[in-house]
Amino acid sequence: MAGEENFKEELRSQDASRNLNQHEVAGHPHSWSLEMLLRRLRAVHTKQDDKFANLLDAVGEFGTFQQRLVALTFIPSIMSAFFMFADHFVFTAQKPYCNTSWILAVGPHLSKAEQLNLTIPQAPNGSFLTCFMYLPVPWNLDSIIQFGLNDTDTCQDGWIYPDAKKRSLINEFDLVCGMETKKDTAQIMFMAGLPIGSLIFRLITDKMGRYPAILLSLLGLIIFGFGTAFMNSFHLYLFFRFGISQSVVGYAISSISLATEWLVGEHRAHAIILGHCFFAVGAVLLTGIAYSLPHWQLLFLVGGILVIPFISYIWILPESPRWLMMKGKVKEAKQVLCYAASVNKKTIPSNLLDELQLPRKKVTRASVLDFCKNRQLCKVTLVMSCVWFTVSYTYFTLSLRMRELGVSVHFRHVVPSIMEVPARLCCIFLLQQIGRKWSLAVTLLQAIIWCLLLLFLPEGEDGLRLKWPRCPATELKSMTILVLMLREFSLAATVTVFFLYTAELLPTVLRATGLGLVSLASVAGAILSLTIISQTPSLLPIFLCCVLAIVAFSLSSLLPETRDQPLSESLNHSSQIRNKVKDMKTKETSSDDV
C-alpha cells in the first residue's frame, strides 16, 4: 500500500506541474505520459486481486518454461495452415480433352495435334471442345482424313490432359464436364467440419482440459492428413477433409486457451501474435511444397509426415493451472505451477500456494446456457460473432476477387501470407499503445477504407466500373491487386487482435466454448460469400464487405477494454473488475479535484 501511495503522490505532483497545459488543451485533462502512469496504476490495482497473476510472477512471467510452452503450442499452427489451404493446390489442371486413343489403332504415328484435330470437334473460336468427341468409325486413316468424322457424342473413355504438368484431383477423378462443382463440394465439406469441430472440441477443451484437446486435434491431423494421401475415391477424400477441418479448428481453440491461461499481460498478446505468424509461415511453406511436388498425394504425404513428431506432446505438454483450479483440482494445479517454477529456477512462496484455494471449496460450474443468461457474456459473444462473420465473408470475397483477376494460385497465397507477418507484428505496437478495443477499431476502419476503394476500381478483365481516361486497363488491374493486398494486410491484423481480445473477454470456465461459438460465424460468412458471388454481380459482394465492416466497427465500441486487466475466471468476474476500476477512477478524480 505504501508503494501505491507513493505512486499516487507522483501522479498528483505531475498533474500539478502541468496544470497550466491542461487548461490550455480543451477536452484533454491529462497528458499522454500521465495517462500512461494512470494506466499502470490501474494495472497495479487489478493485478493485486488476480492470484494467478501473482503466482505467475513468482513462477517467472516469461521464463524458460513459458518460452518453451509458446513454441510447443504454436509450432503446429504451421501444419494447421498447411492442411487448411491444401485444397487450393490440388484442384489445378490444364484443359482436358476426350480420350480418343482409338484412332491410334489405325494411325499409330499421329502426333497429339493431329489426333485432336481428327477426333475432337472445335468451337466457333477454333478451340477444341472439352466434353465432346467424334464417334469412332471402322475406317482406315486415309478415309478418316479424306472424309472426316461427323457424328459427335460425350466422352466415352474418359479424358486426357496433354498439357498437365502435375497430377491433381481434377485429372485423378476426372472432375470435368458437369463435375466441376465437386471442387465447391470439397470446400463446403471442409467448412461444414468447422462448426462441428467447434462444438466437439469446445466440449472437450472445457470439460476434459486443454491438454487432451490439443492431443486429440493433433491425432486428427495425423490420421486424416496422412490418410488423405491414400484415398482412391473422391467421396473418401471429402470425408477425410471433413475430419481435417475439425482437427484444425479444434487445435486453434485449445491452443489459444492454453497459451492465454499460462501467460500474463503483454506476454499473452505477443504469444498469440507469434502463433499467427507461424500460421502465415505454414501457408508459405504449403505454397513452396505444392509448387515443387508433381502429385497431389505427395503433398498430403509430406504434410502427414511433418505432423508425426508432435506425438511427443503426450509427454512434454502441460495442462492449464487456471482450468485445473476451475475444476477443483487444486493439488494438480500446484504441481504444475511448481514444475514450471523449477524449470525457470524460481521458488514460489508458500503463502501464495496456500492462497490457491477455491472460494468456499466449491467447483465452478458453467454451461452453454450461460451465454444467454449472462448479459455481458451474451453481448461479447454477439459482437465478436459479428466481427468474425465480417472477417470470414471478406476473406472469401477477396480471394474469389483475386481469382477473377486471373492471378495465379501460388501468387494468391504466398504474397498475402508474407504480408501477414509484418501485419501481425504491427499489432504489438497497437496493442501496447491503444489497447485491445481501439486496436480492433483501427483495423476494422482500415478494412472499410480499402473496401470503399475497391468499389471504384475495375471489376475485372471485361470492363471498368468507372471511366479512368488517363489509366490503361492493365494499370487499373494492378491497382486493384494492390488494394486487395493491402486489404489482406488489414485483415490479418484484425484476426490477430480478434483472437487475443476474444480470449481475454471470455471467462476461463467458458473460454473454449465461447471461442467455438464465435467461430461458427465464420462458416456463415464463408457460405454467404460463396452464395452471393455465384449469383450476383461483382459490385454487391464488395459493397456488403463495406457494410459489414461498418457494422462490426460500430458494435466494437460496446466492448470493454481488457488491457492490463486480469483474465476473467468466472461469470461474474468481469463485472467485479469493472466495478473496482470504476471506483478507482472515481477516487483518482476526487483526489485530483482536491
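Any Cβ shown, glycine's included, is placed from N, Cα and C.
Here's what Swiss-Prot has on this protein:
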TOPO_DOM  1-70  topological domain 'Cytoplasmic'
TRANSMEM  71-91  transmembrane segment
TOPO_DOM  92-184  topological domain 'Extracellular'
CARBOHYD  ASN99  N-linked glycosylation site
CARBOHYD  ASN117  N-linked glycosylation site
CARBOHYD  ASN125  N-linked glycosylation site
CARBOHYD  ASN150  N-linked glycosylation site
TRANSMEM  185-205  transmembrane segment
TOPO_DOM  206-210  topological domain 'Cytoplasmic'
TRANSMEM  211-231  transmembrane segment
TOPO_DOM  232-235  topological domain 'Extracellular'
TRANSMEM  236-256  transmembrane segment
TOPO_DOM  257-270  topological domain 'Cytoplasmic'
TRANSMEM  271-291  transmembrane segment
TOPO_DOM  292-297  topological domain 'Extracellular'
TRANSMEM  298-318  transmembrane segment
TOPO_DOM  319-379  topological domain 'Cytoplasmic'
TRANSMEM  380-400  transmembrane segment
TOPO_DOM  401-408  topological domain 'Extracellular'
TRANSMEM  409-431  transmembrane segment
TOPO_DOM  432-437  topological domain 'Cytoplasmic'
TRANSMEM  438-458  transmembrane segment
TOPO_DOM  459-488  topological domain 'Extracellular'
TRANSMEM  489-509  transmembrane segment
TRANSMEM  513-533  transmembrane segment
TOPO_DOM  534-538  topological domain 'Extracellular'
TRANSMEM  539-559  transmembrane segment
TOPO_DOM  560-594  topological domain 'Cytoplasmic'
COMPBIAS  567-578  compositional bias 'Polar residues'
COMPBIAS  580-594  compositional bias 'Basic and acidic residues'
Maximum Cβ pairs under 8 Å to the transmembrane segment (185-205) - stretch from the list 71-91, 271-291, 298-318: 71-91
Residue among glycosylation sites ASN99, ASN117, ASN150 with Cα closest to the Cα of ASN125 (N-linked glycosylation site): ASN117
Secondary structure content, the topological domain 'Extracellular' (92-184) (per DSSP, counts of residues): 29 helix, 13 strand, 51 coil
Best-contacting stretch, by C-beta pairs under 8 Å, relative to the transmembrane segment (211-231) and drawn from 298-318, 513-533, 539-559: 298-318
Neighbourhood of ASN99 (N-linked glycosylation site) by C-beta distance under 8 A, where only residues 6 or more apart in the same chain count: CYS155, GLN156, ASP157, GLY158, TRP159, ILE160
Cβ contacts under 8 Å made by the topological domain 'Cytoplasmic' (432-437) with residues that lie 6+ beyond its boundaries: 266, 269, 497, 500-501, 504, 556-557, 559-563
Fewest other C-beta atoms within 10 angstroms, as judged across ASN117, ASN125, which are the glycosylation sites: ASN125
The transmembrane segment (539-559) and the transmembrane segment (271-291) contact flag, 3+ Cβ pairs under 8 angstroms: no
For the transmembrane segment (438-458): best-contacting stretch of 271-291, 409-431, 489-509, 513-533, by Cβ pairs under 8 Å: 489-509
Candidate ranges 236-256, 380-400, 409-431, 489-509 - greatest C-beta contact count to the transmembrane segment (271-291) (under 8 angstroms): 409-431
Chain-internal residues near ASN150 (N-linked glycosylation site), provided their CB is under 8 angstroms and they sit 6+ positions away: TYR134
For the transmembrane segment (513-533): best-contacting stretch of 236-256, 298-318, 380-400, by Cβ pairs under 8 Å: 380-400
For the topological domain 'Cytoplasmic' (206-210), sequence-distant contacts whose Cβ falls under 8 Å of one of its Cβ atoms, 6 or more beyond its ends: 254-255, 257-258, 261, 319-320, 323-324, 327, 509-513
Per-state residue totals over the topological domain 'Cytoplasmic' (206-210) - DSSP helix, strand, coil: 3 helix, 0 strand, 2 coil
Cβ-Cβ under 8 Å with the topological domain 'Extracellular' (292-297): same-chain residues at least 6 beyond its ends: 89-90, 165-169, 172, 229-230
